[in-house]
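Below is one structure; the comments refer to it alone.
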2 protein chains.
Amino acid sequence: MINTLYLPEIREMLASDDEQGLNEFCTALHAARTAEFMEGLSSAEAWQVLLATDATTRVDVFTYLPEQQQVDILESADPQEASDLIANMPHDDRVDLLKEVEDVSVDSILPLLPTEERRDIQRLSQHPEGTAGAVMTSDMARLPETLTVREALEEVARQSADHETIYYIYIVDEENHLRGLVSARQLVTNLGRPNKLISDLMERDLLTVTDTDDQETVASKVAEYDFLAIPVVDSEQHLVGIITHDDVIDVLREEAEEDAYLAGAVEPLDETYMETPWYTLAWKRGVWLTVLFVAAMLTAAALKGYEDTLAKVTWLVLFIPLVISSGGNSGTQSTTLVIRGLTNKDLVPGDWLKVVRREIITGLCLGSFLAMLGFFVVRIVQSELTTQQALVVPITLLSVVICGTIVGSLLPLLFRRLGLDEALMSSPFLTGIIDIAGIVIYMSVAIFMLEELGGGVGAG
Amino acid sequence: MINTLYLPEIREMLASDDEQGLNEFCTALHAARTAEFMEGLSSAEAWQVLLATDATTRVDVFTYLPEQQQVDILESADPQEASDLIANMPHDDRVDLLKEVEDVSVDSILPLLPTEERRDIQRLSQHPEGTAGAVMTSDMARLPETLTVREALEEVARQSADHETIYYIYIVDEENHLRGLVSARQLVTNLGRPNKLISDLMERDLLTVTDTDDQETVASKVAEYDFLAIPVVDSEQHLVGIITHDDVIDVLREEAEEDAYLAGAVEPLDETYMETPWYTLAWKRGVWLTVLFVAAMLTAAALKGYEDTLAKVTWLVLFIPLVISSGGNSGTQSTTLVIRGLTNKDLVPGDWLKVVRREIITGLCLGSFLAMLGFFVVRIVQSELTTQQALVVPITLLSVVICGTIVGSLLPLLFRRLGLDEALMSSPFLTGIIDIAGIVIYMSVAIFMLEELGGGVGAG
């Protein structure tokens, strides 16, 4: 859904080299909206538009362009112009972007950057994907603790253009150890006392994260405390960066997106559904479909063991899918609940006994209800059965649901204990175990209950 | 996991009425951490601790206490003290909180509030759950456009304590129509030009949301534009509130949480897994388990129609679960992808033809692969079959997977078109349709292919 509203005008201005008109277009709207209107342009056209405006607006609009367009621009632009742009970009965004640009172009851009910027890029790009270090930015406002309110405000105003946020100002000692935090709000509120030292204002008890912390942990900390940003320190308490509210929102969206795909048994997509080529889609689905297929294959092997039983009492076949799916559904529910509990830190693997106790009670309750429903279904579908015969299905349903809840709740706890990602591993294993268990339970109950299979309990 | 570290000291200070010590405890740490240390206290004790400190700190710590503790405090505290607290709370939080407090207590607190605060609470609580109006707060910084930079800074500093954020300052005309936005950053940067008019600084092209907008739409707008806050206007463009970054994070987390539960066929929980009583759990699971059970029941009815076929060729039974689950899994994948596409605005119902085309190609590819695997499985499990007999399963698998992808992708588009929530509706319908379709396809292919069932193609 590309917005083509202004495309003809922009192209006309490009053709007539109307720099003033282009600059007006770039500065009239919020950068994000300007970028939206430029999505229909080729990378070369978009870059030509951006060159018509000042460096600040150029970076602003550029960072809102779709990633592929950004990559294309950097790969085709003049290296000097590209490096000027990179020098002005937010420190975290440019590191992510340069990872996508082909090496040849990066090699021609990097040497043209000021040494300090180049070092910063190298430092930031060392952090492994998914850690606080990989999400943080290094362009925060940083001041010594010896300043007064007036000096601090002047210094912040002076540095303002270089920083992603000036609303939290970090106070460091001479060796860059984090000492405290002053908010722009505190400075503004103390405008009337310009000679007050910021060390008297600053908050000293700061919550920090370490650069090696998991990005999910960081996101939930910021979310819990309603911070605008959280400082990142290294193992020696040096201030190395900050993670801002918008990065936290990105992390939360990314993680939610990933979970949603995995819950649907699809490897997370990097692009949108429509932009992903069909063979990538087929691959991202095929992996999981095959794993689940192999798990389901075992049901054929399990049923094979009961071929004679099924040949003798053919009506048993009718309820196989019902029995299997009931176990699977109740198991999936338990897995979902326990995974949410683990994610929200409400549960730890050590709680397994408490969890099992809860699940058995819930399973008994749900299983009894489904068993009742199941009894009526059997009565309707296969009305000529005796009560004892018809009871095979409800007894199986109750057992399968309890089995599903126990296995479904223990599997994620086990995977978490083994250090595996429970969200990823639990589902195929659960399917495999529950499907087979469902068949074995069903057939065992049938053999035990039915006279014609050599079993038969009660009055027979 | 309650932190009990300071409980003995706090209780000792309470016993000895050590107001100074308690005040120190309240102000030494970040309010969120102070609240953490107080979780182990009874509501009466917690309130006694908070009464020992100043009104601002009291509100700060109070808002970080667990909701249940907040409710208990308001229900048992002296109404005058409670209303003082309410008067100082963030406008959005107090509305949410008062909804949880029993009516008797609310009726004793509200009349003690200043009229203006009481009206604000009434106004905010009129907005239906899930809309921008229900998430927004009304304590934003608001200035007339006639001020200079210096006057604006002084005014903001004066109002600072009353507002949730002072980093975006909204400019309104005399009738409260939103005219523009000045950021605290712009004011600070323009400290050197104190007589400049803020109307010359302000951004006029503002993105706004309407109070009736869906909270998810608002959250994705703020996330996309990296805003600190977004203004909310009513139908006549009056500024009625703002939604801040921390509210957006809450909305995103809430929505992701809800989606995760629904994907696991559980009604979203209001509390944590461990805090939810077992009967609530059973109910929230039972609803969906029953719906899915009814869908699966239909498989019994469908199989009933093929009882004779299955009795004649008993080996067909072995592969029933495999066939059904393959269709279900590929259908779930398609549904997941299309729902993600709809949520991310990558897709609209009108794209259905493009989607079906993609899904058929993907389905062909995935189905052929599973068919190949299936052929080997049949060869191993049931080795005495002729090639033609063994082909029944792979042909079925291919057809079922294609059917799954088509139905799975069209259902959410259809539900969206009908105005129903696709995330909620699609799954049980998909299960029902695909399971039945799997059985019908399987049996039809068997009847067509197998000579012993009166079919038989090719050399026979």
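Even glycines carry a Cβ here, placed using N, Cα and C.
Predicted automatically and left uncurated, TrEMBL annotations should be read as such.
As given in TrEMBL:
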DOMAIN    A:136-197  domain 'CBS'
DOMAIN    A:202-258  domain 'CBS'
TRANSMEM  A:286-303  transmembrane segment
TRANSMEM  A:315-339  transmembrane segment
TRANSMEM  A:360-381  transmembrane segment
TRANSMEM  A:393-415  transmembrane segment
TRANSMEM  A:427-450  transmembrane segment
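The average pLDDT for the domain 'CBS' (A:136-197) in the predicted structure is 88.
Same-chain residues lying 6 or more positions outside the transmembrane segment (A:427-450) and placing a CB less than 8 Å from one of its CB atoms are 262-263, 265, 288, 291-292, 294-296, 298-299, 302-303, 305-306, 309, 313, 316, 319-320, 323-324, 326-328, 331-332, 335, 388-389, 391-392, 395-396, 399-400, 403-404, 407-408, 411, 456-457.
Looking at which of A:286-303, A:360-381, A:393-415 has the most CB pairs under 8 Å to the transmembrane segment (A:315-339), the answer is the stretch A:393-415. Secondary structure by DSSP for the domain 'CBS' (A:202-258): 25 helix, 16 strand, 16 coil. Beyond its flanks by at least six residues, the transmembrane segment (A:393-415) meets 319, 322-324, 326-335, 337-339, 342, 347, 349, 351-352, 355-356, 359-360, 362-364, 366-368, 370-372, 374-375, 377-378, 421-423, 425-426, 429-430, 433-434, 437-438, 441-442, 445-446, 449 of its own chain at Cβ-Cβ distances under 8 Å. Sorting each residue of the domain 'CBS' (A:136-197) by its DSSP state yields 20 helix, 23 strand, 19 coil.
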